[in-house]
Amino acid sequence: MSDLLSVFLHLLLLFKLVAPVTFRHHRYDDLVRTLYKVQNECPGITRVYSIGRSVEGRHLYVLEFSDHPGIHEPLEPEVKYVGNMHGNEALGRELMLQLSEFLCEEFRNRNQRIVQLIQDTRIHILPSMNPDGYEVAAAQGPNKPGYLVGRNNANGVDLNRNFPDLNTYIYYNEKYGGPNHHLPLPDNWKSQVEPETRAVIRWMHSFNFVLSANLHGGAVVANYPYDKSFEHRVRGVRRTASTPTPDDKLFQKLAKVYSYAHGWMFQGWNCGDYFPDGITNGASWYSLSKGMQDFNYLHTNCFEITLELSCDKFPPEEELQREWLGNREALIQFLEQVHQGIKGMVLDENYNNLANAVISVSGINHDVTSGDHGDYFRLLLPGIYTVSATAPGYDPETVTVTVGPAEPTLVNFHLKRSIPQVSPVRRAPSRRHGVRAKVQPQARKKEMEMRQLQRGPA
C-alpha cells in the first residue's frame with residue numbers, strides 16, 4: 001500500500017511540474033515555480049538565471065531560450081522581453097509566462113517556425129522587474145480604487161524614471177558634436193539608482209542585446225523612442241513635441257510590426273485615446289525623463305520599444321486568455337524582427353576577433369559596436385547603405401551594402417593595423433645666403449611664440 005502511495009505522490013508531483021500555465025495571476029512563488037516548470041519541460045533549450053534581487057530580496061529571474069542555453073553563439077542575436085516594471089501593471093508578467101510555455105510546447109511539437117526561432121536566436125524573458133511592487137498590487141487585486149498601488153518598488157521609486165539621464169547629453173552632442181552611441185554613465189550612477197535598476201543595467205552590460213520590448217499597461221499602443229522631449233513646448237492636450245531618434249523610421253516599423261500583429265492595437269482607438277496605426281513617439285505622447293527605452297538606445301547596442309498592452313493595469317483573470325490570444329502572434333513576430341539589417345564579424349589581419357569596433361552607417365547618426373566575440377548586429381530597413389568599421393590602431397574599412405526585406409545581410413570586416421605616419425622634419429632657410437639654420441620642433445616653436453606674446457613687444 002505504501003508503494004502505491006509513493007507512486008501516486010510521484011505521479012502527482014510530475015503532473016504539477018508539467019501542467020500547462022493556467023490563465024490566472026501568479027504571485028512570486030507561483031512565478032518561480034512556473035519558470036522552473038518550463039525549464040523542466042524543455043531542459044535542452046532553457047535556462048533559469050537571476051540578474052539580482054529586489055529591495056525586499058526577491059530574485060529577478062530570467063528564463064532563457066536557446067539551442068545552446070548559457071552560451072553566446074557568434075552571429076546569433078540576443079533579444080529580451082521585460083515585464084512588470086510597474087508592479088501594478090500585471091498583464092505583461094502573465095503574457096511572459098504564457099509565452100514561455102508556448103515556446104517550450106511548440107518546440108517540443110516541432111513547430112518549424114518556433115524551432116528555427118530558438119535555433120537562430122537567444123531569447124531572454126524577465127517576467128517581473130518589480131516583484132515587490134507586484135505583491136503589493138496583487139494583495140489589493142484587480143478592479144480596486146487604488147489605481148497606482150504597487151506601481152513603484154519597495155522604496156517608493158518609479159523604476160521607469162530611475163535610469164541615468166543620457167538624453168540631455170545626446171541632445172547636446174547632436175547640436176554641438178560628440179559621441180552618438182554608448183554614452184558613459186555618471187561616476188556616481190550606482191548610488192542614484194534602485195537595486196532593480198542596477199540589476200537590469202548590469203544585465204545589459206553582460207549581454208550584447210540587439211532588440212527589446214518593455215511591457216506595460218494602462219493604454220494600448222506601441223511606444224518608441226525618444227521618450228524625453230527635446231523641446232518642452234506643448235502641442236495639444238497631454239501632448240508634447242515629437243522627438244525622433246536617428247533611427248526613427250526603423251523604430252516606427254518595429255512598433256507597427258507589433259501593432260498590426262496584435263488583435264486590436266492597430267485600430268488606434270483604445271482606452272479613450274487615439275494613436276494612428278496604434279503607435280506613438282514617446283515624447284509626442286508625453287515627455288518622460290530617465291526611462292528605460294531611451295537608456296537602452298543611448299548606452300548599449302539595443303533597440304527597445306515600450307508596449308502598452310491593456311486598458312486595465314491589473315486585468316481580471318477572466319480577461320487573461322483573450323489578452324494572450326490578442327498578443328501571441330505579435331510577441332512572436334517582434335522577436336523575429338531581430339533578424340533584419342546587417343550582421344557580421346570584425347576581424348584583424350590574423351582573423352582574431354575585434355571587440356568594441358564601431359560600425360557606422362552613412363546618413364544615420366547612431367553607431368553600434370562589436371561584442372566580445374567580434375560579432376556585430378545593425379538593424380536596418382531594406383535599402384542600400386554605406387557602412388564603415390573602425391577600431392583604434394586599425395585602418396577603417398568601408399563597404400556598400402544592399403539590405404533586403406528578409407534575412408540579414410552578412411557583412412564581415414577585416415581591419416589592417418595602421419602604419420604610423422612619420423612627419424619629416426621641416427627646415428627653414430637661414431638669413432645668410434646658402435646656409436640653412438636648424439629650427440625648433442613645432443611644439444617648441446609654439447612655446448617660444450607664446451612666451452614672446454606673454455613678454456610683450458621688445
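Positions of Cβ are set from backbone N, Cα and C atoms, glycine also.
From a predicted model like this one, the values you see are computed outputs, not experimental measurements.
Over in Swiss-Prot, the protein carries these features:
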SIGNAL    1-20  signal peptide
DOMAIN    24-338  domain 'Peptidase M14'
DISULFID  Cys42-Cys104  disulfide bond
DISULFID  Cys271-Cys311  disulfide bond
CARBOHYD  Thr400  O-linked glycosylation site
CARBOHYD  Thr402  O-linked glycosylation site
CARBOHYD  Thr409  O-linked glycosylation site
REGION    423-458  region 'Disordered'
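Positions of Swiss-Prot features highlighted on the structure.
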residue : record                      : Cβ neighbours (10 Å)
Cys42   : disulfide bond              : 20
Cys104  : disulfide bond              : 24
Cys271  : disulfide bond              : 15
Cys311  : disulfide bond              : 14
Thr400  : O-linked glycosylation site : 10
Thr402  : O-linked glycosylation site : 10
Thr409  : O-linked glycosylation site : 19
Looking only at the recorded positions Cys271, Cys311, Thr402, Thr409, Cys42 (disulfide bond) has its closest CA neighbour at Thr409
Return the member of Cys104, Thr400, Thr402 nearest to Cys311 (disulfide bond) in space, with distance defined Cα to Cα and candidates limited to these recorded positions.
Cys104
What does the structure give for the C-alpha distance between Cys104 (disulfide bond) and Cys271 (disulfide bond)? Integer Å is fine.
33
Thr400 (O-linked glycosylation site) to Thr409 (O-linked glycosylation site), Cα to Cα, whole Å, comes out at 11
